[in-house]
Amino acid sequence: MQPEEPCAPSAPGGPDVPERGQRSRDPGPRLSGQLLPELYSFVARVLFYLAPVYLAGYLGLSVTWLLLGALLWMWWRRNRRGKLGRLEAAFEFLEHEREFISRELRGQHLPAWIHFPDVERVEWANKIIIQIWPYLSMIMENKIREKLEPKIREKSIHLRTFTFTKLYFGQKCPKVNGVKVHTDKRNRRKVTLDLQICYIGDCEISVELQKIRGGVSGVQLQGTLRVILEPLLVDKPFIGAVTVFFLQKPHLQINWTGLTNLLDMPGINELSDSLLEDLIAAHLVLPNRVTVPVKKGLDVTNLRVPLPCGVIRVHLLEAKKLAQKDNFLGLGGKSDPYAKVSIGLQHCRSRTIYKNLNPTWNEVFEFMVYEVPGQDLEVDLYDEDTDKDDFLGSLQICLGDVMKNRVVDEWFALNDTTSGRLHLRLEWLSLLTDQEALTENDSGLSTAILVVFLENACNLPRNPFDYLNGEYRAKKLSRFVKNKASRDPSSYVKLTVGKKTFTSKTCPHSKDPVWSQVFSFFVHSVAAEQLCLKVLDDELECALGVLEFPLCRILPCADLTLEQCFQLDHSGLDSLISMRLVLRFLRVEGRELGSPYTGPDALKKGPLFIKKVATNQGCKAPPLNEGLADVTSTSNPASYIKGASKSIDNISAATTDPEPMPEPQGPGPEPKGKDSARGLCESPGKKKNPATTFLTVPGLHSPGPIKSPRPMSRPAFPFAWPLTRVAPSMSSLNSLASSCFDLTDVSLNTEAGDSRQGRLGEIQLTVRYVCLRHCLRVLVNGCRNLTPCTSSGADPYVRIYLLPERRWASRKKTSVKQKTLEPLFDETFEFFVPMGEVQKRSLDVAVKNSRPLGSHRRKELGKVLIDLSKQDLIKGFSQWYELTADGQPRS
C-alpha cells in the first residue's frame, strides 16, 4: 500500500505562485479606483465653496456679503439637520414604542390613552391599517395620476408640463394613538369619535415642471380628528352620513427635496409650513368640515353647515405676578404683557400694557363655539419686544364645563411659567329664537348672531355694461376690455355686517356660480344693522350686483329663518342670488333652581362676610343656646345662605386684603341679614377692639382668588369655648351650597391655656378638584397654636405629598414664615392627576420648622394624613386639622 502524498508540499508549488503574484498586484488598481472618485469629489466641493469668494471679489462686493451668505447657509443647514433629527426620532419611536413608553413614561408627548382614562387604545385598528396600507397606496397613486394631475395642468398654461415623476407612500402608515367616544343623551341619533391621528411617513413624492424638480421625502402630521356618524338609521346602511374635521389646527412638518429645499431656509420654512396648515384648515378645521353621505338621497345640508351650539364671552380682566422678561444686566425689570385668546381658527389679541407685572385689561372677546366637548379656550400671554416676543404663560380651559355652569369667574394659574395668575370671567350665551330674548344694549356687546348660507347666483351679467338701466351702454370699450368682457365673469361675494367683512371663494368663468359657503356675524343691534352684499368680478374688478337687506325683516319669519332668492340691485333684470339667513338671539340662561353647583368654580358663591365682634372687658359670654339662636332659627340652610347673600349686594367683591367693616356706634337690635350669626354680645358705650372673621365663599360674583385676609390684633377671649361651637355650625349650615370654604378664622384662639398641653397645633386646608384643569387644588390657608422651637417662636413651612408618590420632584412646599406660631400662607398647589386616580390617594401634609444646617432645633412640628376617598372633591372641603406626630387623629 503506497503512502499518501502530503498536501502541504503542494502548496508552494508552481500553480500557486502566479496566483500570489496576482494577489500582490491587485490592490494597486483597486486603491487607485477608490481614491480618484474621492479626489474628484473633494476638488469639486472645494471649488463649490470657493466660488462665492471668487464671485464676491470679481463683482467687488464687501466681505459683509460673504459673512451674511455663510450665516444664512449655516442657519439653513442647522434647520435641515434639526428636521431630519426629529424625523429619525419619530421613526425610532414608531419602531420601539413599548421601550420608549416604559423609559419615558412621565414625558409630556405621550399618546393620549396614557394620560386620560377615557381615551382607549385601538391596536386592532392599527393592525388593520398596516395590512391594507399597500392597497390604499396604490389607490391613492392611481387617483393622483388620473384625476389630480390633469386638473393641475388645466389650471394654467404654465403648468402644462407638470408631472408626478415619483409617487411612493412608504412603509410607514398613519396610526391611531387613541379613541374617545362621546354620546349625547339629548341626541341619540349620532355617535361622535375623537381619533388621535399620528402620521410619521417615509413617503417620497417628486414632481417636475419644465425640467425643474422638487418634492417631499417625509411628512409628520399630528392632530385630533373628529368623526361624526349622523344620523343613525333603522335600516341599511344604518348610518346616513359621515362628517370628518379637525378640532384644532394639526401640527405639520414636511421634509423638502430638490429645488424645494429652498423652503427650508430661515424665515421661509415657518412661512411654508404655516401656509400648508392654513390650506388644511380652510377645508378640514372647524367650522369647516367634510361630509360624505352614505345613504343615497339624504339631505346633508344641515350636517355640512350646522349652526353654532353657543357663544362664549371672555372677559379678560387682569393678571398678577407675571414673570419678568425685560431684564438688563441681570437686574430685575418689567414686562410688556399682552394676551392672545383663541378658539380653533378664531383669534383675538388684547392691547399691550407697558412695564407692568400686574396688568389690567378689562377687555371682552366673543367666540362662536361649534363642538362641545371638543373645542377649548386657549389663552397665551407674551411680553412684547422689538425682536421676538417672550412667552409669559398659557392657559387651556375646557368649554364643556363652562357650558354647564353658564358663568365662571375665577383666577387661573398660568402653565409653563415660573409665576403668574390670570383673572377671567367666562359667560356661556345660548342661541334662542324667542322674541322676548331680543335685547338692545349700549355696552357694545353682541345681542344676536347672523348665519348666512351663501348658496349660488344665476344670470349674472358678464360686465357692468350689460346692465339694462342704460347707464353704461353709451360708453365705448377698448378692444382689450371687449375681449375680457366677452367671457363669463369670475365672481366672488363680499358680505358685510357692521364692521365685519367676509369674502367668499372665486368661481372662475361662470354666469351661474355656486359657492356653498357659510359666514357667521355678531350682531349688536338687530333693528339698526343690515347685511350688505356685493357680487364682484375678480378680473374686471367691478361690481356685478349689490344687495342691502335689513336684519329686522327676518323677525317675522318662522324660526327666525329666511331662505329665498334675492333680486340683485344694479345688475341684470333676472340676476338672482340664493341665500338662507338664520338669526339667533344671545342670552345667558340661568341654572335650574335647586340644582347643585358642580362647575369648575364650585367653591365661589359669595362672597359672604360674617362678622364676629368681641371686646376685652365688660362683655359676658351668652349661653350656648342663645349664641346659636339666630343660626339655627331656619330649617333650610339654603334659605339662610340666600338671605345672607342678599344683604351684602353693596359690598365689594374684591378678596385681596379686605378692610374691617365699621362698627355701630350705639346700642340697638342687630340686623339679622348681616350680623345675625355673630353669637357675641357688645357692650354699649365702650370702645371696641374688633376681630373680624371672613367666611369667604367665592362665587360667580367674586372676581378675586381664594385668599385669606391678614390676621388682625388678637383680643383676649374669656369666652373662647362657645366660639369653638359656633364656627363648625356655620360650616355645616353652608354645606349645601358648597362645603369648601375659605375659612380664615385665624384670629380666634380656640384653645384655653391648659387645654394646649400635649397638642401640636392646627392647620387649615382647602381642597377641591378642578374639572377645568383636571387637577387637585390644595390651598394652604394657615396654621395656629404651633409648638415653639426657640424663644422667638418658629420658622414654619408646609410640605405636601400626594401619596403614594414621594419623589422629590412631586413634593410641594410653601414659603417659610419667620418667627411666628400662627403663620398665614395663602398658597395654592396643583396636582395634575385624573379624577378617578385622585379618589384612590391621600394627602400627606407636614408642618416643619426651617432650621440652619447643623442646627439641633426641632424639625417636625406636626403632620396630617387626609384620605381623599372619603371626601367629595367636586364640591370641595375646607376645615382645620389637628396636627399629630404620626398624622392620625387623636383618639
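Even glycines carry a Cβ here, placed using N, Cα and C.
Copied from Swiss-Prot, the annotated features are:
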- 1-30: region 'Disordered' (REGION)
- 292-412: domain 'C2 1' (DOMAIN)
- K325, D326, D383, D385, D390: Ca(2+) 1 binding site (BINDING)
- D326, D336, D383, E384, D385: Ca(2+) 2 binding site (BINDING)
- 652-711: region 'Disordered' (REGION)
- 759-881: domain 'C2 3' (DOMAIN)
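Swiss-Prot feature annotations superimposed on the structure.
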residue	record	DSSP class
K325	Ca(2+) 1 binding site	coil
D336	Ca(2+) 2 binding site	coil
D383	Ca(2+) 1 binding site	strand
D390	Ca(2+) 1 binding site	strand
- prompt: Non-local Cβ contacts of D383 (Ca(2+) 1 binding site) (under 8 Å, 6 or more apart, same chain)?
  reply: K325, D326, S335, D336, P337, D389, D390, F391, L392
Query: Highest CB neighbour count within 10 A among the binding-site residues D326, D385?
result: D326
CB within-chain contacts under 8 A for E384 (Ca(2+) 2 binding site), separation at least 6: D336, P337, Y338, T352
Query: According to DSSP, how is the domain 'C2 1' (292-412) divided among helix, strand and coil residues?
result: 11 helix, 64 strand, 46 coil
Statement: Taking all protein chains shown into account, the Cβ-based neighbour count within 10 Å for D336 (Ca(2+) 2 binding site) is 19
The domain 'C2 3' (759-881) [mean pLDDT, rounded to integer]: 84
Task: Note down the number of other Cβ atoms within 10 Å of the Cβ of D390 (Ca(2+) 1 binding site), including every protein chain shown.
output: 17
Query: What are the helix, strand and coil residue counts for the domain 'C2 3' (759-881) according to DSSP?
result: 7 helix, 60 strand, 56 coil
Query: When you measure from the Cβ of K325 (Ca(2+) 1 binding site), how many other Cβ atoms are you left with inside 10 Å?
result: 19
